[in-house]
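What Swiss-Prot lists as ATP binding site is Thr29, Leu30, Gly31, Pro32, Lys50, Asp86, Gly87, Thr88, Thr89, Thr90, Gly416, Asp497.
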Amino acid sequence: MANEVISGEQLQKVIRDAADLVVSSAGVTLGPEGRPVIMSKSYGGPEVTKDGYKVINNLKPEDEKIAKIVELLNQATSQANEKAGDGTTTATILVGNMIKNAHKHIAAQRSRTKLKSGMKRARDEVVKYIQSVAKKINSEEEIAQVGSISANGNSEIGNKIAEAMNKVGKEGVITVEEGKGLDEFSVSVVQGMVFDRGYVSPYFITNPEKMIVEFDNPYVLLANKKLSSIQPMVPLLETIVRSNRAVVIIAEDVEGEALTSLVLSKMRGSLKACAVKAPGFGDRRSEMLEDIRILTGAKTLVSDDLGVTVESLTVEDLGTAKSIIISKDSTTIVDGGGEKTSIDARVKQIKTQIDKTTSDYDKEKLQERLAKLAGGVAVLKVGGATEVEVKERKDRVEDALHATRAAVEEGIVPGGGATLLSAIAVLEKLSSDDDDEQAGINIVKSALKAPISQIVENAGEDASVITYNLLESKDPNRIFDARELKYVDAFKAGIIDPAKVVRVALESAVSVASVLVTTEALIVDLPTKDNGSPSMMPGGGMGGMGGF
């Protein structure tokens, strides 16, 4: 396939156009007076959203060159969403402004390496500042307040999040599910576990928006060995297909033909499945698989030591769970099908091992297993009058939960873009003997005004006047309330942001902007002419797999 190489001023224009497109599309959603965006969908009616992350992920520019840069810019939002669960629109506005500021320096033939160096020095200083002004939160009341603010002032959501954290601990596992009742909004603690292994392949993803696999009422197949061949699994998988249920395979590894066949079957829609590597190594992996077996109620697991093969299994031997959520880094089992008496006995056994061991390392690992098995999972159930309302409320609760977790982790700072604005004073004191590196520092310094300027403009006010007044006040807690259109104390007014969200937004923006600043060329494929030849896509079932 032929391709085209773009460089120089032509590339710089493509980068600017892509940045302008992303900022103009998502920027209007920022802040309390942010405006909604209507997005067309490939199925169903259009979707109305104020979620900047959704907007950016739905951008599909016709120009292939701009599309490639938009894809790269999306990494800033994805990083922010993945690490902090929020701050995606702020990251977008920051990176767009940095690119705009960098262009004039690139045109002036400044050293791109030095620009990048200056940007990173500025980033490090601002991160230190954010951490220094962050206020830690500890009480259930403070957690409820942060949750309420994160949910646009909804105190009920804040109180439920605080209740859930109180039940399973600040580090505990909390999930959000769709409830059945019209006004249902409840918190319950069920048997469950989370471990730090994710899907083996991203092709298993069922929710592309969140980049996760979600299954309700799946089977759980456990194997303390590598699974490489699909043939021994076919009879069992065919039975699972007929039951119209999903299966999560947790094994030492799933590779080769087995992995390929599972992925292809999932992509064809014939089998709902996901493969996950088992947590731990050696004997610890065996023990953790046994924990999962007891939690899910599986009768046995595939193991050479036990003489149990995949061929010998039936669905009655498999474990179950009410739901399983799998990301690229973790797996959460909610309400496993195991008997409470069996789980309690296993917990008691682990406690005995903790008391008997003389190794600090072994004790630590046993305590980790105990926490995973005994801690349980808090489930927030959210109901509504319609499917659309339930989904919207569920998304809102999930966003508030992410933000609250981030706040508990690193504290809170003045919101509304004020913390980044006040960090300008820190960069005023940062200088470099190298003019090009100083230009890089100035790129970040100028961008720090962008988020609050966008928030103010969305409220219909003059951003230059507001930012000037805030900078002149030299009070980091003084912010502009874009809803009430007045200056207030951030903490008294409850307009705060999780420090982690602000930090990650800045770090993600500098990361992506510095890549684009130093990029010299872009290679894109040229469109091929359709010669009318028939499609070569394979059809039908796969030999030896029973057509599942």
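Just so it is clear, glycine is given a Cβ too, placed from its N, Cα and C backbone atoms.
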Checklist outcome for this item: Within 10 angstroms of the C-beta of Lys50 (ATP binding site), the count of other C-beta atoms across all shown chains comes to 16
Item to check | Cβ contacts of Thr29 (ATP binding site) (under 8 Å, same chain, 6 or more positions away) | outcome: Arg35, Pro36, Val37, Thr49, Lys50, Asp51, Gly52, Val55, Thr89
Checklist entry - So how many other Cβ atoms are close to Thr89 (ATP binding site), meaning within 10 Å of its Cβ? => result 29
Item to check | Longest CA-CA distance among Thr29, Leu30, Gly31, Pro32, Lys50, Asp86, Gly87, Thr88, Thr89, Thr90, Gly416, Asp497, per record bound to ATP, angstrom | outcome: 18
Item to check | CB contacts for Gly416 (ATP binding site) [other CB atoms within 10 A, all chains] | outcome: 26
Checklist outcome for this item: For Gly87 (ATP binding site), the number of neighbouring Cβ atoms whose distance to its own Cβ is within 10 Å equals 32
